[in-house]
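Written below as structure tokens is the structure these notes are about.
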Amino acid sequence: MPNLVLASSSPRRKELLERLSIPFAIYSPNTDESVDKNLKPSEIVSTLALRKAKKAADHFPDSYIIGSDTVVFHKGKVLGKPADKESARQMLTSLSGCTHSVFTGVSIIYGKSYRSFYEKTDVTFWELSNEEIEWYLDSGEPFDKAGSYGIQGRGSLLVKSIKGDYYSVVGLPVGRLYRVLKAMGFPFSNNNI
Ligand SMILES: Cc1cn([C@H]2C[C@H](O)[C@@H](COP(=O)(O)OP(=O)(O)OP(=O)(O)O)O2)c(=O)[nH]c1=O
């Protein structure tokens, strides 16, 4: 049995977890991501992170399991992954020239114990022209990402400033995750930090 399991099909989360320098298994949770519309963004990401981790926990009863979820929150609306090009266009247009918040929730399950936390990062976009939005849509990058952009890719050209954890925007706040795993008793060796 692997000691650590990432309950995610996101290539970004896999890449970020690799920074802990420990082996881990991947389990794609494929969970239903519908939630009560009255929940706050912090509650949404916490609920979905736990749902993803729980799904994997049935298969890996003796492992530390990590589930995570990311949404963008802007002008009272929760923006997930865009359904199509038009919805991506609308999201990018509304984010242009404004500051929004990215929420990432993380849940860790180990046996009967679990911990959850979330990070909020404020991201300010440059004013975007229609040409810039169309160029970005044509890059194909928006389509599997909350809020229709990826700060780690060409989306970096849209971003003026951020306040908070950059890695949380990409999908996994690894620094805090490492500390929570340690507090839960995860056996890091001397070869890790
Ligand atoms: C805002 C932003 C989001 N994202 C990504 C992180 C997440 O992968 C995705 C939000 O969707 P999620 O539903 O959180 O995750 P996912 O479907 O990609 O993977 P899984 O549920 O299997 O864990 O958006 C970026 O990569 N860069 C960004 O700048």
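Note that Cβ sites are derived from N, Cα and C of the backbone, with glycine treated the same way.
According to TrEMBL, the feature active site, proton acceptor maps to D69. Among the features that TrEMBL reports, site 'Important for substrate specificity' is placed at R12, T70, Q152.
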- Query: How long is the line from the C-alpha of R12 (site 'Important for substrate specificity') to the C-alpha of Q152 (site 'Important for substrate specificity'), rounded to the nearest angstrom?
  - Reply: 9
- Note on the structure: D69 (active site, proton acceptor) and Q152 (site 'Important for substrate specificity'), compared by Cα position, are separated in whole Å by 17
- Message: Distance check, please: Cα of T70 (site 'Important for substrate specificity') against Cα of Q152 (site 'Important for substrate specificity'), rounded to an integer number of angstrom.
- Response: 14
- Does DSSP put D69 (active site, proton acceptor) in a helix, in a strand, or in coil? strand
- Name the residues of the same chain, 6+ apart in sequence, whose Cβ is under 8 Å from the Cβ of Q152 (site 'Important for substrate specificity')? R12, V170
- Task: Could you work out which of the recorded positions (R12, D69, T70) has its C-beta surrounded by the smallest number of other C-beta atoms within 10 A?
- Result: R12
- Per DSSP (helix/strand/coil reduction), Q152 (site 'Important for substrate specificity') sits in coil
